[in-house]
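J.: To start, I am sharing the structure in question, which I have written as structure tokens.
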Amino acid sequence: MEPLIIKLGGVLLDNEKALTRFFTALQEYRTSHSRPLVIVHGGGCLVDSLMKKLQLPVVKKQGLRVTPADQIDIITGALAGSANKTLLSWATRFGLNGVGLCLGDGQLAKVTKISDELGHVGNAEPGSPELLNLLLNAGYLPIISSIGVSIQGELMNVNADQAATAIAETLGADLVLLSDVSGILDGKGQKLTEISATKAQALIDQGIITDGMIVKVNAALEAARTLRRPVEIASWRHAEKLTDLFNGMVIGTRILA
């Protein structure tokens, strides 16, 4: 079975109960299945908390965090440091052989600066699969933060959904975007089981899909088109359904290519 990229986000990273549920499901799945799994994560809530403590402003444009040069070290520490090693510690606690990485390790993704206006914010494209294949073949669980490195050697903050898309493209893997939302909702607040690009754009135009969810949906659409396969947006809150998700069943909203 092809690898599955699991993108983790939302408040899961700061929620012990949720982490326990997620890693319990992961542990149970790994004991009975051989499908290679890769975790890609952000950690916006941790960054927001740290910025507040440091009394630094949080500015977002089109769902992306503006990252000035004097803040990239702080954000790198939060994502590639605290968030990544927290997930690694949870993997270790549950007997999973985790390896903490960022997008720059082994050139997993090629990262370029988006614009001067956004600062150290990067766009990720597929990189080299060699390191991940080496780790997966040896039975490791890669845990990848969304911090990248440009060809000029600059640290870049990459949207975690987009980072996960690039890793999925690198491996030719399936992708699920796992967060604190159960999927995409229609205008009546009902969850959609699946959605096409045309329908998604209509919901954006109507103001039903907004802010960070636009970035999430666009990342899923881009991945679905590139991978030529559906991509799912789902919630980690339904721990009892996670094993089904890992097996390819729909528990959220499936984005059609």
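Heads up, the Cβ atoms here are built off N, Cα and C, so glycines get one too.
These came from Swiss-Prot, pasted as-is:
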BINDING   G43, G44, R65, N157  substrate binding site
BINDING   D180, V181, S182, G183, I184, L185, I208, I209, T210  ATP binding site
SITE      K7  site 'Transition state stabilizer'
SITE      K216  site 'Transition state stabilizer'
J.: I'd like to confirm something. Which of the recorded positions, S182, I184, K216, has a Cα closest to the Cα of G44 (substrate binding site)?
T.: K216
J.: Over all shown protein chains, what is the count of other CB atoms within 10 A of the CB belonging to T210 (ATP binding site)?
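T.: Total other Cβ atoms inside 10 Å, all chains included: 11.
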J.: Out of D180, I184, I208, which of these binding-site residues is nearest R65 (substrate binding site) by C-alpha distance?
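T.: It is D180, whose Cα lies nearest.
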J.: Relative to the Cβ position of D180 (ATP binding site), how many further Cβ atoms are located within 10 Å?
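T.: Cβ-Cβ neighbours of D180 (ATP binding site) within 10 Å number 14.
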J.: Name the secondary structure element type, per DSSP in three states, that contains K7 (site 'Transition state stabilizer').
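T.: In three-state terms, K7 (site 'Transition state stabilizer') counts as strand.
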J.: Would you mind checking how many other C-beta atoms are within 10 angstroms of the C-beta on G43 (substrate binding site)?
T.: 29
J.: Given the recorded substrate site (G43, G44, R65, N157), which additional residues of the same chain have their Cβ within 8 Å of the Cβ centre, ordered by sequence?
T.: G42, V47, I75, A78, L79, S146, N159, A160
